[in-house]
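Residues or ranges marked as substrate binding site by TrEMBL: Arg134, 157-160, 238-240, Gln244, 302-305, Arg490, 501-502. Among the features that TrEMBL reports, Mg(2+) binding site is placed at Glu153, Asn155, Glu407. The ATP binding site annotation in TrEMBL covers Glu153, Lys341, 403-412, Tyr414, 436-439, Glu464, Lys492, Glu498. Positions annotated as domain 'Glutathione synthase substrate-binding' by TrEMBL: 229-338.
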Amino acid sequence: MTESIYANYPPSLSPTQQEFLVTTIKDWAIQNGLAVRPPPTYVPEGTDPNRVLATTAPVTLFPSPFPRSCFQEAEALQTAYNRLYATITNDEKWLGKIIEDLIDVDDFVANLWKTHLAVKEEGYVQDLSLGLFRSDYMAHETANNAPELKQVEFNTISSSFGGLSALVRSLHYDLLTSPPGFSLSYPPHPLFESNVPPENTAVETLSGGLAAAHIAYGPSKSSPKLPLAILFIVQDGERNVFDQLALLKRLTDFHKIPVFRVISSKILDQTSIPASDPSRPLVYTPPHSPTTPFEVTTVYLRAYYSPDEYKSSRDWEARTHLERSAAIKCPTVLNQLSGCKKIQQVLAEPSGPDHLSSFLKGTDSSLIERLRKTFAPQYDLSESGQGRDLALNPESALKHVLKPQREGGGNNVYKSEIPGFLKSIPEADWKGWVLMELINPAANAENVALRNDGEVLRGNVISELGVYGTILWDNKGNVLHNDQGGWLLRTKGKEVNEGGVAAGFSSLDSVLLF
Ligand code: ADP
Ligand code: MG
Ligand code: MG
């Protein structure tokens with residue numbers, strides 16, 4: 001069945017039609033904020049000294065067909081996944097045992113763990129944690145059966161693209177529904193008949209989580225009391241700023257919550273914790289208005305997920321400063337660590353303790369089995385395990401990807417490169433990596449991408465679906481808010497191993513369910 005859906009999709013375009021569609025999309029994108037700051041390589045040095053330029057985010061010209069059953073299953077599982085990762089985060093002992101093994105081979109993980117221990121030693125003053133998660137999947141094709149939903153990874157920090165993804169859905173919706181003869185619109189195709197991409201509530205869901213945390217924080221702890229605000233911690237030179245601003249706008253316009261974006265290198269200059277106050281409120285002093293400080297209820301990290309962002313001990317000092325404050329962290333250090341690829345591999349282990357059932361006590365066992373079904377086989381590289389043989393054998397390596405404990409794309413080793421890579425690093429370091437079987441989405445799907453240098457590429461593609469979820473919980477395991485909603489489809493050339501839009505591999509896309 002899948003075969004026939006992908007055949008002759010997307011409809012072909014004459015050169016004039018394609019040019020027209022591309023022009024329409026470029027204009028739509030800028031008009032609606034479906035944009036990114038241009039990569040430095042597109043702006044030769046000195047040509048944009050004041051950084052005023054923005055460009056169309058990489059997008060597909062057409063929505064991609066995606067199996068409805070997989071899409072619905074991903075949505076149905078999200079709140080259980082939220083609970084799973086909240087519960088793991090609360091189990092410091094279980095988490096610590098796994099992290100312990102990574103500490104001697106991974107400085108970044110070691111430093112995160114140290115940050116947690118330092119704050120624990122002093123005592124945490126905030127019981128609540130906020131998660132803004134994204135669970136990523138592919139629709140795995142098997143010979144005769146219906147496609148199966150398989151998880152690529154679960155993200156617990158800086159889960160991005162909710163803002164732009166909702167806009168791509170609107171772009172494709174507009175192109176599908178504009179009457180023929182109008183400036184927008186696609187050539188006809190059977191898949192377009194009375195079919196539009198499902199609603200995408202990513203912005204509402206993610207801001208809803210932040211707003212729930214803001215409210216749960218309660219009144220100002222400062223004396224005298226201060227007005228309350230949310231802080232987004234962002235990277236210097238962030239190109240994906242409009243994605244963040246979509247959440248910011250929803251928080252200010254709809255929830256009426258003040259939000260400020262602070263570059264991570266400025267945290268120690270612009271925020272403080274009064275030394276004399278044991279409740280440790282985090283006070284933000286806006287540089288543009290130093291006489292009106294705010295107390296921060298919630299710190300949302302769109303930074304600090306990658307080791308290269310910690311340039312000196314000052315960055316670790318800033319991270320510790322946030323962690324020890326009374327602000328609700330999204331995520332806490334422990335919640336960030338729960339998203340390690342190693343944790344996902346341990347959860348997927350087919351034998352040994354049933355971690356899923358113990359973390360999701362009280363959950364319907366059939367739901368737990370549905371979660372388990374989304375796991376692709378994953379292995380450690382220990383001497384006794386199967387993973388080592390699979391990774392070192394050139395033939396079996398072809399069916400696998402090797403992952404370190406990193407986020408943000410561009411860190412994995414693929415297929416034929418795995419054996420040589422492993423042999424090039426000390427064997428003692430192998431325990432910092434996990435081996436995962438490759439998921440195989442439909443082989444004959446096609447789409448056309450408009451890259452952000454204006455290049456238009458048509459070809460076979462692979463799509464990755466992300467579903468957003470948000471959860472607010474306390475350290476005793478009480479859940480105050482647990483919600484799912486909104487999705488992301490990223491599409492890349494079939495021959496490309498890596499994923500990630502920001503990393504330059506994929507384009508933003510939307511789904512047409514079949
Ligand atoms: P990151 O946290 O850096 O995004 P991922 O686990 O998502 O790491 O891997 C990056 C990309 O590698 C994914 O977006 C996907 O394109 C590809 N990838 C990862 N795991 C698999 C897998 N099991 N099967 C197929 N592709 C994968
Ligand atoms: Mg990730
Ligand atoms: Mg990923």
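Every residue gets a Cβ built from N, Cα and C, even glycine.
In terms of Cα spacing, the binding-site residues Pro404, Glu407, Tyr414, Leu438, Lys492 that come within 10 Å of Ser158 (substrate binding site) are Glu407. Only Glu153, in sequence order, out of the binding-site residues Arg134, Glu153, Arg239, Tyr414, Leu438, Lys492 have a CB under 6 Å from ligand 3. Remark: Pro404 (ATP binding site) has Asp106, Lys341, Asn411, Asn412, Gly432, Trp433 as non-local neighbours, by Cβ distance under 8 Å and separation of at least 6 in sequence. With DSSP states grouped into helix (H, G, I), strand (E, B) and coil, the domain 'Glutathione synthase substrate-binding' (229-338) comes out at 41 helix, 27 strand, 42 coil. Summarised as a single figure, the pLDDT of the domain 'Glutathione synthase substrate-binding' (229-338) averages 98. In the three-state DSSP classification, Lys492 (ATP binding site) falls within a strand. When the alpha carbons of Tyr414 (ATP binding site) and Tyr305 (substrate binding site) are compared, the span between them is 22 angstrom. Counted over every protein chain shown, other Cβ atoms within 10 Å are most numerous around Tyr305 among the binding-site residues Tyr305, Tyr414. Under the DSSP three-state reduction, Gly410 (ATP binding site) is assigned to coil, being neither helix nor strand. Across the structure, Glu407 (Mg(2+) binding site) and Ser160 (substrate binding site) place their CA atoms 12 angstrom apart. Close to Arg134 (substrate binding site), meaning Cα to Cα within 10 A, are the following binding-site residues out of Glu153, Asn155, Gly410: Glu153, Asn155.
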